[in-house]
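One structure below.
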């Protein structure tokens, strides 16, 4: 039950800067996902919160208390490792009791607390089992239980689902989210899998190259990416991004996409924000799910290069040269490769980015 | 099989079956023939000497008798060698001395080796160089090590010089001439030579301890000592058993360094079981008796080591 505040956090390894000036407020009881591709600095951030590594600059505050110089065993941090790091030479009971035993608590209290948490996590029938041969979802529960029993203020989870096969991941995600609701603990979850972050987290911190890109709820991050990186990274496939320039037409402000022609007029909100950028290079972004195709209707005509049909969804690949677009549909579409179709984008879903800086153009 | 392959209906199958059986039999015979040389070799290396030893130990045979060992039955004396052995005080005190050396040297080597291995888990300047230096004693020929320590422990030797320098007094201990100090000197030489082996084995064990489990223990609030006792040591158990077993067996046979330093002396003050056997073999030439001693030691050491290992394994499972 602790709020975490990262203040101007910097981490350098020799000449390499793993984390550049990170500021992040994680609220009490919040499930925060640190999301980004490998090497983005998310694990470094987590290790610094846990105290495994010290920051080169900046401070980490737990409820306002500076944690610099506080040993990792004294921070009250529960850590769930990527491979769970279960003590394989002990049985389930001894794993759960470990944190209490090293604190020198009386046996009777240890026993009652172990039984309580085992009951809670449905591990009671397994208490006497050696932990080396447990299945992965039991291991996950055991790892969480082992950390939870010492009542840590904060839970840190380092890609706990990356060793699990895809089919089982959905089960584990549900279980993990369920556990977090019951413990009501502040949780920081490191992952490179946006599906995990989107489904479980209260808020997501998107990171890239040691820089915090955006913090927000899953839908905020999905709907209003602050820059091109977040737009392209979140979503599967990511946001369509076409280069162009703002142009006035008789129907209002549009984007000139070069050889693809002009887009439909921008919505009043987008247009209002874009006014200040008139004549500048912009990136025209929209979600692949917010597109409709027609043979002769409204929209930008684009050649179809390839159509992927994967049962539940159909993905159409469109465009020429560097201006490429994907469109995703819940059911089959009649488009065939080699033909040209009109691509109409829902006006409300259009997002503009400054081509030079990559930053989203929004109303101030 | 026979119910399926009735002779009337499927004579071919039956014939094939018979052929197959014959082929399998041939294969077995061929396999036996091919492994024969190796089996004979094993027989001669391991089993034959043991049986020969048992045979000689039941006789009063000596090479001075002028008959071959196979004719030793002419000097048959049953279990007399074994009953003599029971009453042989020199044998028993040699055995006791060997046990004493083992009980001091092996734990000392273990603790020193473990301590050094723990230090070598951290990074420090010159680690590689120190690592190479650490292993040098193990590579020194034991006879050479014997001469080295023989010279170091002379009354005018470097050990006394250093002690004089440190204490400021004129130390001139005749290390190898005094029964107590001679034993100490011999043990120091053994510890010097064999700590590196312990170090090497235990370092390998330490490296194999899963780092994330140690970290997990740290995050759960365990102190260094708690982590060491509850995570590191249990994970190293197998390798510790191996290291101790190797050194117990080897130390029990301590001979070359010791023999060159003291020759078992002064008197019998450093006479271990190997030195005693050597003396009986080379000086007294009563080989029937030697065979009996050797056999008793072999059997008791085997029992001791296997008991120790199985007990430690049981503890591990519990």
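Each residue, glycine too, has its Cβ placed from N, Cα and C.
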Quiz item: Do you know which of B:172-190, B:191-209, B:210-228 TrEMBL annotates as transmembrane segment?
Solution: B:191-209
Practice problem: Name the residue range among B:70-89, B:230-249 that TrEMBL annotates as transmembrane segment. | Solution: B:230-249
Quiz item: In TrEMBL, which of B:38-56, B:266-284 is labelled transmembrane segment?
Solution: B:38-56
Practice problem: Answer with yes or no whether the transmembrane segment (B:286-309) touches the transmembrane segment (B:99-121) by the criterion of at least three Cβ pairs under 8 A, sequence separation 6 or more. | Solution: no
Quiz item: Short question: which residues 6 or more past the ends of the transmembrane segment (B:38-56) have a Cβ under 8 Å from it?
Solution: 69, 72, 287-288, 291, 294-295
